[in-house]
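Going by TrEMBL, these are the annotated features:
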SIGNAL    1-24  signal peptide
TRANSMEM  291-313  transmembrane segment
TRANSMEM  357-384  transmembrane segment
TRANSMEM  390-412  transmembrane segment
TRANSMEM  432-453  transmembrane segment
TRANSMEM  465-486  transmembrane segment
TRANSMEM  514-540  transmembrane segment
TRANSMEM  546-569  transmembrane segment
TRANSMEM  581-606  transmembrane segment
TRANSMEM  618-651  transmembrane segment
Amino acid sequence: MATWADLVCPILLMVVLLCRPAFAFYLPGSYMHTYSTGDKISVKVNSLTSIETELPFSYYNLPYCRPDEGIKKSAENLGELLMGDQIDNSPYRFKINVNESLFLCTTKPLSEHEVKLLKQRTRDLYQVNMILDNLPAMRYTQQKNGALIQWTGFPVGFTPSGGSEDYIINHLKFKVLVHEYEGSGVQIIETGEEGLGVISEAEKKKANGYEIVGFEVLPCSVKRDPEVVSKLNRYDQIDPVSCPLELEKSQIIREGERVSFTYEVEFVLSDIRWPSRWDAYLKMDGARVHWFSILNSLMVIFFLAGIVFVIFLRTVRRDLTRYEELDKEAQAQMNEELSGWKLVVGDVFREPSCSKLLCVMIGDGVQIAGMAVVTIIFAAFGFMSPASRGMLLTGMIILYLFLGIAAGYIGVRLWRTIKGTSEGWRSVSWSISCFFPGIVFVILTVLNFILWGSNSTGAIPISTYFVLILLWFCISVPLTLLGGFFGTRAEEITYPVRTNQIPREIPARKYPSWLLVLGAGTLPFGTLFIELFFILSSIWLGRFYYVFGFLLVVLFLLVIVCAEVSVVLTYMHLCVEDWRWWWKAFFASGSVAVYVFLYSINYLVFDLRSLSGPVSAILYMGYSLIMAFAIMLSTGTIGFLMSFYFVHYLFSSVKID
C-alpha cells in the first residue's frame, strides 16, 4: 500500500529546490543507481498481460525457471495492487559490462495441464514483462514496409501462420544500454523508494560508474540437445544463438517435452543520459496525428465557446438593460406582456424534486472533479512518472479521500440553501461519503469475483479490500462529516427573490426538454473524444500515456464548455417559462457521460476487436461504466454550480417590487 514517503516526497522536493535553486536535478523517477564493471544486477518479472483478454496472470503461473532463493515479491503500493501488478524476483542475473551466454534451467517433462496452459497463453498473445533497474524490457519488430514497431515485453510463445503447433520462447537475447557517468560534475537530488537526499562531494566520487539507460530483448525459440544440457548447471556458459531460427530448430510445446531456458546479455555504451532514458517508452504511436488533432480540437472549441459566450452576453445584457431603463409603470406593463424568464421570478428558486439526491451528487462531483484537476496538474509537472508504477492511481485515491471535506462542505451548504435550515445535514454528509464509493465498490466486487474465478492477479486481494474500506471509513467519511459541519457554519446563501406558494403552470412544449438536455452533451464531448481515444489506448492496449500537459489544457477547456453549455441551456428553459432548471442544468453538461459510454462501446467494437471472451467484455464494460459515472458527476457539478451562480446573479440584478 501507499507509504507516507510517496505523499511527502513531492512537497519536500519543492522545499529543497527553493532552498538550493542553483543545482540541477532529475525529476521524476526512481533513485539513480550507478554500477561498476562486474557488479551483479537482477532482473525482476511482472504479471503476464494480454490485450486479448485483459486478465493479468502471475509469471510463475507458467513452468518458468525459479530463483534459487525462492520467489520474493517486491514492495507494492496501493496503485500497483489495484492494477494487477505482481512484481517478483527472477533467476536472470547480469554482470555490468560483461557479455555472457548462460544456461538457466531445464524443466521437468511438461504435463498435460502445463501444455494446455502454455498453448492457451500463447494463443491469447500473452506478453512476459521484465524489469531491469526500473526499466521495462522493450522489443522491436519490423513490419513489411520496414517500419519498426515498439513493444514492451515479449510473447510467451508463437504459432506460425497456418500451423497447428505452438512454440515456446525459451531463449532471450538481452541488450543493456549503459551510459558512463561521472558524479563529480553533477549534483543529483534523488526521489523514489529509497527516500530523498542530496549527494555529498564525497559520495559523488563513489557515484562514478555506469547507469542503465536502456533494456531491450530479442526473444526466440531454441530446441536444445537433452544430453548436452543435462550436464550443465545454472549460469554455465553456452554458445550464442543467432535468432530467429527455423521451425525445425525451435522448441515445440508438447506433452513430455523438457524445455531448456537460456539467455544472452550484451552491454552497449550509449549517449542517452539518465533523465532521457524513458523517452523511448513515452513516444506514443501516431504522435504527430495526436498533436495536430488536439490543436485542431482546441481551435474549434475556442471558436464555438466564443460564439456561445458572445450570444449569451448580448442576450442577457439586452434584456437587463431594456428592463432597468424603464420606469415603474412601464416595468409593470412589461411584466404583463413579457413571455420570458422574468415571469418565473416567483418560482425559479422553488425546491427541486429529489433535492437531497441532487446535493449528494453535487458533493461527490466536487470531490471527483477536484481529484482529477489536482492529479493532472501534478502529473503535468512530472510528479507522477511512469517510472513510479502505481503512483498515479495511488495519488488519485489519496486525493479523493482528503477532498471529502470539500464534498461535505459544498453538499451541505447547498442543502441549507435549498431547505433554509441545517436540519438533516448529517444524513446528507453520510450519503455523500457513501453514494459514489458505494456504487464503485459494488461494481468492483462483482468484477473481482470474476477475476478470482479466473485466477488472475488483477483480482484485488482480501487484505487490500480491508485497507480500502479502512481508508474509506477512517479518512473519507470523517472528513466529509467535518466538511458538512463547516457547511452548516458557513455564510448562508439567500435568494434574491421570494418564492410563491402556488407553482406556476409550465407552458406545453412542442418537443421534450430532455432532448435538448441530451443534445447539449455533444459540445463538451467534442473537446474530449480525441484525448479519450489515447487514454483508452493506454489503458487497454498497454501503451504509456504521458501527455498530461495536453490533457490539462483539454480539461480546462472542458470546464469552460460545460459551464457555458449549462448556463445557455438554463437560460433557454427560463425564457420558455420552465422554472425547473436545477436537474436540467446538471444533466446539460453531465450528459457528456452518455457519449463517453457510447464511445467506449464503439472503441470495444472497432478498436478492441482482438478482445476475446465474455469475461474480458464484462470487465471492459464494468470499468467503462465507472468512468462514465464519474464523468457525469464531475461535469454535471461544474455545469450546475455555474448555472446556480448565473440564475442567482440574473435575478439579483432585476428590480423586484
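Any Cβ shown, glycine's included, is placed from N, Cα and C.
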To the transmembrane segment (390-412), which of 357-384, 465-486, 514-540, 546-569 is linked by the most Cβ pairs under 8 Å?
357-384
So if I exclude everything within five residues of the ends of the transmembrane segment (465-486), which remaining residues of that chain have a CB under 8 angstroms from its CBs? That is, six or more out.
1, 78, 363, 397, 400-402, 404-412, 425-426, 428-430, 432-434, 437
Contact between the transmembrane segment (432-453) and the transmembrane segment (581-606) is defined here as three or more C-beta pairs under 8 Å separated by at least 6 residues; is that satisfied?
no
Might you confirm whether the transmembrane segment (357-384) is in contact with the transmembrane segment (546-569), defined here as three or more C-beta pairs under 8 A between residues 6 or more apart in sequence?
yes
Quick check for me: are there 3+ Cβ pairs below 8 Å between the transmembrane segment (432-453) and the transmembrane segment (357-384), leaving out pairs under 6 residues apart?
yes
